[in-house]
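Presented below is the structure to which this report refers.
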Amino acid sequence: MLTKFETKSNRVKGLSFHSKRPWILASLHSGVIQLWDYRMGTLIDRFDEHDGPVRGVHFHKSQPLFVSGGDDYKIKVWNYKLHRCLFTLLGHLDYIRTVQFHHEYPWIVSASDDQTIRIWNWQSRTCISVLTGHNHYVMCASFHPKEDLVVSASLDQTVRVWDIGALRKKTVSPADDILRLSQMNTDFFGGVDAVVKYVLEGHDRGVNWASFHPTLPLIVSGADDRQVKIWRMNDTKAWEVDTLRGHMNNVSCVLFHARQDIIVSNSEDKSIRVWDATKRTGLQTFRREHDRFWILSAHPEMNLLAAGHDSGMIVFKLERERPAFSVSGESVFYVRDRFLRAFEYSTQKDTQLIPIRRPGSNGLNQGPRTLSYSPTENAVLVCSDVDGGSYELYVVPKDSYGRGDTVQEAKRGSGGSAVFVARNRFAVLEKSSNQVLVKNLKNEIVKKSVLPIATDAIFYAGTGNLLCRAEDRVVIFDLQQRIVLGDLQTSFVRYVVWSQDMESVALLSKHSIVIADKKLVHRCTLHETIRVKSGAWDDNGVFIYTTLTHIKYCLPNGDSGIIKTLDVPVYVTKIFGNTIFCLDREGKNRPIIIDSTEYIFKLSLLRKRYDQVMSMIKNSELCGQAMIAYLQQKGFPQVALYFVKDERTRFNLALESGNIEKALESAKKIDEKDYWYRLGVEALRQGNTGIVEYAYQKTKNFERLSFHYLITGNLDKLSKMMKIAEVKNDVMGQFHDALYLGDVRERVKILENAGHLPLAYITASVHGLNDIAERLAAELGDNIPSLPEGKKASLLIPPSPVMCAGDWPLLMVSKGIFEGGLDDTGRDAHEDYEEAADADWGEALDIDEVDKMQNGDITMALDEEDVHNENDEEGGWDLEDLDLPPDAETPKTASSARSSVFISPTPGMPVSQIWVQRSSLAAEHAAAGNFDTAMRLLSRQLGICNFAPLKSQFIDLHLGSHSYLRALTSAPVISVAVERGWSESASPNVRGPPALIFSFSQLEEKLRAGYKATTAGKFSEALRHFLAILHTIPLIVVETRREVDEVKELIVIVKEYVLSLQMELKRRELKDDPVRQQELAAYFTHCNLQLPHTRLALMNAMTVCFKAQNMSTAANFARRLLETNPSIENQAIKARQVLQAAERNMRDATEINYDFRNPFVVCGATYVPIYRGQKDVTCPYCGTHFVPSQQGQLCTVCDLAAIGSDASGLLCSPSQIR
């Protein structure tokens, strides 16, 4: 059972699917009717007018209506578009059990506990027939899907079939008079519109449900005797065919499945059972813990069922409808009707290849689930859920194309999933042991690999690689090296789709899509409310996918959108240009033509292919608010400008992209105060004084205009402003203008006219206008204000402007591709603006009384003509410039650009960024200063988790790959990147990798110094040298593969020395533990050292054991020493003496943990031997062995890596990556 949707609610008693929309009605015991969208999983509406439980509900096939019947004896007809009940049908005298619309006539049939069945006409809203005959509650009644029959079931233990042919005739043609007469009679005396055709007796208890077969003359019924009975009928009689037993309680509902030859029943025993209608055997049972089932409903068109129970309902399918398919090259291989078929895309030819036996089991969901194909061997793996998961291997004979009749015996096996991983190898998942079996085409196991995570399915991930899926993550596993190549946390993945070049993968879950690269590095995640069904990659790297209802696209950056709406779900197999090839649920191949303009346009924007964007804008019909919003959101308002016809939107976009000319055009057309104000604000921000002035004039904003003239130093216009203020009788404005101009006489005059004589007097006397002051004093008489004593007056006059400020100077920059190429309006915009600025704006102010002032005087013409020429090509600072080469069609800028104008160079990409992008070597990331990525690389490659010892190396690398120059005293220091292998002849545009301060030759010198110190017995100093080598190797870069091998060899040598020296230093600390001293001295001899050092170690061990009276062990060391042919005579003499002494007394005084006969390695942390065959863990960097308890600890030898962690291996040369 595949559950598609579940609800939690009160007990569900009635269910009905909508025939076209993804809706289902559920009527509840609480009296509420719910309308659900089972695709989106949302409650659309609820209807709450019945009093008490609603037991029956049904959608009309074509009208926006549904009918409901409840325990309040009412039948209600609702219009779901108007969200209301249209009318109520009254007539039943007890609870109503079921209601149903007729598929053709305007009828409703209802069954009731009043022992009758009624048929109603919902157009005339009357009862047209009452069917009486049952003598107990009628539990259900329904129309036959094709014929004029009604079936009903009752607690009187019978099922009745009624013939309503007479009723139909009456409804269809009551034209003749004679008929009309008989109709009047029947209305008086009760008619015979419906007669009982058969009474089916056979159940021992009350019958709860009966329903017709959609096409055959069959009836199925379910009753309180826990049985399901099948009945057949002909024209004259009906009889019982068979009984299905198995339910443990009353059977509440039963029906034939329209699509498959099965019967579905449910019961109060909390189960749904599926029966084979021909064999009449049980196929499957689905149980719930606590909920009794009450009702079943089948979708009229689709393969969906719904069941209502005590605490809600479920919408489910019995079988998957997705055909198993596999795309290979130009064909898709798929299974349909028990045949393997191939469809060629180029010719659109469909051929039947071979028959595939469907397993003999009679369960559901046993069909092929997945398919895997090997093109070279022409072999096919078909996986299904039979016996808990099994596969079949077929080899398609080359000559069988087109015939498809040869039956061949398949090679079988059990396993969760099976996929080809190479030409003639396939992998099978064995869930019980969590391992993968690799088999050949003879179905023989070649190899077994234990998987790194608890896997429940495997998918192909490139030759030799598997994508393993767990509940919450997926990993890519390399079967050859048995390592994990990538790991990603995701929700439960159902399908995996690789791009053609295997560089990208889409992981499809039920409601999300995760896009990642081939190493499972996450790129983006998309969430869908409607279930995701399939997907494929197109040639541009766009992922096209389908949900139940739409074909959609996903761009590499995670932007998505709808391409097309679907009527029925399809499964995308392949995409060629504008054609999507799909398989539908019938297993037919369908090409769907799509319009890819929208996503190609967005992709071009994303990839900065502006030439394509240009041509698409010019040639195609891209439009719509969504596209404008997208361009705005992505920072291309200047492109959106060319789509838009609405002036207000154009104005907003022009302001956003800083295009003042375009904004001015729109503002003129809109001509509203608010828009002029906003234009003024933007022009002021860009320093475009002409337009600021024009905008202020348009809004008659005189205060701002006056201040603007003050700031720009335009005194002529300021004095005109003062006259205008006088004419308009704006005293305050006039006074301000006088103040701005520094015109004292005018200020005194204004104050005097306004009646402020004391203020006028003070102003005049302070500024030394004595004649006016005396005249005013005479007028004031005794009220002359006194000036403060001892204060010195200072003159308040604004400084006169040295020059009149025009527009701010702008940098000359090459136009962005969009301005030049799209600008058809740019040619005449300037003239238009000139004319606007020179316009006559006096009339609007009604200035007629000002003497000697023609309107022409008050023009706000732009004085700074020369400044304007420079400003001609560009409006404001074009902040949105894309620094692209100018388009061929726009010579305008070039012709008028002066050679002396400075063009700011475009900043390139910083060298450090180039280094990081090109390299996966940790040393080069550290040199670029990207320490975090360098640390991440080292962690991934070598398992390093302790970076403290590497800190100084990182800093040295970074400083060493840069040089620093002083430019000017006030300027900061300029850092210059130093490149490896730079030469004069190299192109200046091509960046080499960084120069690194650590080289392999330095390490060899350090190694020699370490050897020297070891020979001299300076163990601490030697250890320091060897550790320095181990700490430098992760950050070394060499050129050739041979040098890479040398570096790896060096790690092994140095590791042996570090381990042996650490043991020797430990031994010297242990003064009072002779046994442990002997053990450590013995282990020292088993480290892989240079020959002279091995001899010294053997001498040392021999001496220690001899002194402790362990003669047998000492003799062993003496023997080993003599086998090395020591060049120093003294060593050989001593060894012989020890041997002689030991032969007299061949025994050990104390027992030590040392067995020289059994090969071993020494644990780097506990210094105990790990003999061959014992479990151990290793350090991923230096390779030292440890006892298993050290797993996850820091390696004591290299002091860098975590013991036993996963790592991909040392990467120290570009040659390893190529």
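Including glycine, each Cβ sits where the backbone N, Cα and C put it.
Lifted from TrEMBL, the feature list:
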type	residues	note
REPEAT	47-88	repeat 'WD'
REPEAT	89-130	repeat 'WD'
REPEAT	131-164	repeat 'WD'
REPEAT	200-241	repeat 'WD'
REPEAT	244-285	repeat 'WD'
DOMAIN	340-584	domain 'COPA/B second beta-propeller'
DOMAIN	611-771	domain 'COPA/B TPR'
DOMAIN	815-1218	domain 'Coatomer alpha subunit C-terminal'
COMPBIAS	862-886	compositional bias 'Acidic residues'
REGION	862-902	region 'Disordered'
COMPBIAS	892-902	compositional bias 'Polar residues'
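Looking at the repeat 'WD' (131-164) alone, the prediction's average pLDDT is 94. Residue counts for the repeat 'WD' (244-285) by DSSP state, with H, G and I taken as helix and E and B as strand, are 0 helix, 24 strand, 18 coil. For the repeat 'WD' (131-164), same-chain residues at least 6 beyond its ends with a Cβ under 8 Å from one of its own Cβ atoms are 94-95, 97-98, 100, 102-103, 107, 109-113, 115-119, 193-201, 203-212, 214-215, 219, 221, 223-224, 231, 233, 238.
Summarised by DSSP class, the composition of the repeat 'WD' (200-241) is 0 helix, 25 strand, 17 coil.
DSSP states for the repeat 'WD' (131-164), grouped as helix (H, G, I), strand (E, B) and coil, give 0 helix, 20 strand, 14 coil. Across the repeat 'WD' (89-130), the DSSP tally of helix, strand and coil residues reads 0 helix, 24 strand, 18 coil.
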